[in-house]
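Features of the protein shown, as given by TrEMBL:
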TRANSMEM  31-54  transmembrane segment
TRANSMEM  84-110  transmembrane segment
TRANSMEM  116-134  transmembrane segment
TRANSMEM  146-163  transmembrane segment
TRANSMEM  192-211  transmembrane segment
TRANSMEM  232-255  transmembrane segment
TRANSMEM  297-318  transmembrane segment
TRANSMEM  345-365  transmembrane segment
TRANSMEM  377-396  transmembrane segment
Amino acid sequence: FSFRKLWAFTGPGFLMSIAYLDPGNIESDLQSGAVAGFKLLWVLMLATIIGLLLQRLAARLGVVTGLHLAEVCNRQYQKVPRIILWLMVELAIIGSDMQEVIGSAIAINLLSMGKIPLWGGVLITIADTFVFLFLDKYGLRKLEAFFGFLITVMALTFGYEYVTVKPDQKNLLKGLFIPYCQNCGTPQLEQAVGIVGAVIMPHNMYLHSALVKSRQVNRANKREVQEANKYFFIESCIALFVSFIINIFVVSVFAEAFFEKTNENVSAVCMNASSPHSSLFPNNNETLEVDIYKGGVVLGCYFGPAALYIWAIGILAAGQSSTMTGTYSGQFVMEGFLNLRWSRFARVLLTRSIAITPTLLVAIFQDVEHLTGMNDFLNVLMSLQLPFALIPVLTFTSLPSVMNDFANGL
């Protein structure tokens, strides 16, 4: 084992892990904490482990064949299934893009104390992707370092909320390692399904299989291929462990502070804190429902304005970091399935326009609750798209004709 070699292979796994930290994940985390307390942490852990195993298969496919998943699909499938697969993956990418836009717009609105309206935040996110494309010209390693910085920002901001709230460690460990859900009903089941859809992103497997090609590996040398597979797997383990810890921070904060709270409880605290957002919570005994926007507001009411702004910075980092992964995924998928070599600028312009349009319309003509409610729908959409990535990955990595001596036995 060599730390120098591990450092050389470090990068693709952390770029991949950003999809485990996008605004859709954060929304799912805080809702599962508020609705089920610590009871669904084991679902989050299992989903992350399954995600790791699938990412490992995707990375192996890229390392062994020198082709990413979309290119292998193009070679192995007939025209009709190939087109269907491409359309489903594009749908997942656009859905992920919408979540990034929603998260960024809400974060900008919170940081500006409402002075920048939601539709203004949506428009601002049009520009950010092109900024990242500009950074991309300076080389992949610098871009990987920049996204490493954004992940650090998320760890620090959500870690701050965790330290401030001080969740019960005994309940946290119980929720992680004992698969149970006492007194759970339909809302808790919905959150459990939402966690899986938010954590395991279908287009992420296409992305990871392509990113590993950025490292030079002599595929004629079996030992080199084995070594690359080993280091990419170690890097993926580290990256997903970091993302898992950040997700635990968010779930635990809302499980400790807001589980079984009512609107009346929160409304009273917000009024005492002279919060300008007190009207968000009706004065009734219904259970509190939170989202990315309300989550920041209630943190500000209970733990001071600093908690609200630090939360918003974390959400902004989550939204911005997931921008470029969606851009890369879209490019690799289009090139692989259709042999279309568009410039990244044209590619981003197309997908971002498709993602922006419905989000902008909701932001202009509806309120923030409808905007954040779109995240729940998009997490369900991700769950529905999973088979269109799982079936190709599991199929091709088990075929000796594709993987040679590195085919899986299952």
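Heads up, the Cβ atoms here are built off N, Cα and C, so glycines get one too.
Below 8 A, the CB atoms of the transmembrane segment (84-110) and the transmembrane segment (232-255) form no more than two pairs separated by six or more positions in the chain, fewer than 3 in all. Sequence-remote contacts of a segment are chain residues at least 6 beyond its ends whose Cβ falls under 8 Å from one of its Cβ atoms, and for the transmembrane segment (192-211) they are 11-13, 15-16, 19-20, 24-25, 27-29, 31-32, 36, 40, 43-44, 47-48, 50-51, 54-55, 57-59, 61-62, 68-70, 88-89, 92-93, 96, 181, 236, 247, 325-326, 328-329, 332-333, 336, 376, 379-383, 385-386, 388-390, 393.
By the Cβ criterion (under 8 Å, sequence separation of 6 or more), the transmembrane segment (31-54) is in contact with the transmembrane segment (232-255), since 3+ such pairs are found. For the transmembrane segment (146-163), the list of distant contacts is 14-15, 17-18, 21, 135, 242-243, 245-246, 249-250, 252-253, 299, 303, 307, 310-311, 313-314, 317-318, 320-321, 324: same-chain residues at least six beyond its ends, Cβ to Cβ under 8 Å.
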